[in-house]
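Read through the structure below, which is laid out as structure tokens, and then see the notes.
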Amino acid sequence: LKHRGPDWSGLYQHGDCYLAHQRLAIIDPASGDQPLFNEDKSVVVTVNGEIYNHEELRKKLANHKFRTGSDCDVIAHLYEEYGEDFVDMLDGIFSFVLLDTRDNSFIVARDAIGVTSLYIGWGLDGSVWISSELKGLNDDCEHFESFPPGHLYSSKSGGFRRWYNPPWFSEAIPSVPYDPLVLRRAFENAVTKRLMTDVPFGVLLSGGLDSSLVASITARYLAGTKAAKQWGAQLHSFCVGLEGSPDLKAAREVADYLGTVHHEFHFTVQDGIDAIEDVIYHIETYDVTTIRASTPMFLMSRKIKSLGVKMVISGEGSDEIFGGYLYFHKAPDKDEFHRETCRKIKALHQYDCLRANKATSAWGLEARVPFLDKEFINVAMSIDPEAKMIKKDEGRIEKWVLRRAFDDEEHPYLPKHILYRQKEQFSDGVGYSWIDGLKAHAARHVTDKMMFNASFIFPHNTPTTKEAYYYRMIFERFFPQ
């Protein structure tokens, strides 16, 4: 997994327990190498993540001595203080393994929504394996699966329990009246806390509503931050697309409006097709939509990393929270609307989070997603879903509550027509010929006879299109188990 963290390799052994870590240094690059320890080194932790409230947590741990300035350094000390129940105190994204050498017990946890990727597997010899990617497990484990988001695995009980229990998880219908300013403040907080960085960073800007809002808030608040003192107050923005695509045009307009240093990357359909195998190897799925959208992101991440940037802020999650997909027009009532948003958020770790995490990690780049901030989700998911409903006759298009929250006449965040731009799927926005090109390429490699017998070759999740069959063949070659 060296691609995920090219900055440092750490290995720790205690008896038959091994902790290995590939570091991508974002906070305290000088001393935050892992594994991290408590004072007497009896508690050992490897983490992939960012803990945004680490400074407040350090204050709670005033009697502890910290070895590094790393945001993840609080985890071992919180465990000493609070035992297994500390996970909910962490505000951020994380997957970690913590070993208590005093009794050889360990715990594993994954963040609330599953922004960071994590897998667990079991070997025939009784061993338990944990990895950020499937390729770390599939050769050694008899059985392996995705580690459920918002859960903790404890070796003492030998099972999972959910540590993340927000009100929306039960899918009960909320009733808090919509207040645009409350929503706006919550989202601004979610973005600004993600400006915590000791390395150069930028924003992904497709010119759609979500990424444009992220860029606008970042540009607005960057000047006063520690990051600006270190790297300058000029925000860099990045966009990818086929020549003449809708996203490139819209993103350029937003970048001009916000005054960012804008980087535009062009790719051809052939560039994308040439990258498909690498993309499937890295993102570890055969889901058609995910692969279509991951490929441009994968190509863009390589370019961004080559500019010396190590972290980007991105707009994933908004469509799930606010019912931004066009099929939400068909929601029969607010209850169904709300339940569908809950289901979408719970599945994000298999789709958009997986794409954002692995397409960027493939090049040692980190993506941060403010829409999936724990506190912001609490605010957004407590709004009476009646307010989120799409009502054409009242001029309410999809994600109306979010657009309305940032519709500020005096200090506009965005030009009106961008604020009210209709949703493009990411894989459409990069250029309409992209998907046509993929389908044509698959049709050349998958015959009708192959499709006819698909259910015998792939009885589980049988592919129903040639494009799906093509991706599945590649996936099975990398991950035959």
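Cβ coordinates come from backbone N, Cα and C, glycine included.
Under the heading L-glutamine binding site, TrEMBL lists ASP71. Here TrEMBL flags LEU204, VAL240, SER314, GLY315 as ATP binding site. Per TrEMBL, domain 'Glutamine amidotransferase type-2' is recorded for 1-158. What TrEMBL lists as site 'Important for beta-aspartyl-AMP intermediate formation' is GLU316.
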Worksheet, complete the sentence: Here the Cα-Cα span from GLY315 (ATP binding site) to ASP71 (L-glutamine binding site), rounded to a whole number of angstrom, reaches 23
Item to complete: For the residue listed as 'L-glutamine binding site' and SER314 (ATP binding site), determine the Cα separation and express it in whole Å.
Response: 21
Worksheet item: For ATP, with binders LEU204, VAL240, SER314, GLY315, what's the maximum Cα separation in whole Å?
Response: 14
Fill in: Residues near GLU316 (site 'Important for beta-aspartyl-AMP intermediate formation') in space but at least six apart in sequence (CB under 8 A)
ASP210, LEU348, ASP352, CYS353, ARG355, ALA356, ALA367, VAL369, PHE371, LEU372
Practice prompt. Only counting partners 6 or more residues apart, tell me which same-chain residues put their Cβ under 8 Å from the Cβ of SER314 (ATP binding site).
Written response: VAL203, LEU204, SER211, VAL214, ALA356, ALA367, ARG368, VAL369
Worksheet item: In sequence order, which residues at least six apart in the same chain have a CB under 8 Å from the CB of VAL240 (ATP binding site)?
Response: ASP247, GLU264, PHE265, HIS266, PHE267, PRO296, MET297, LEU299, MET300, LYS303, VAL430
Fill in: Other same-chain residues whose Cβ falls within 8 Å of the Cβ centroid of LEU204, VAL240, SER314, GLY315, the recorded ATP site, in sequence order
VAL203, LEU205, SER206, SER211, PHE238, CYS239, MET297, MET300, VAL312, GLU316, ALA367
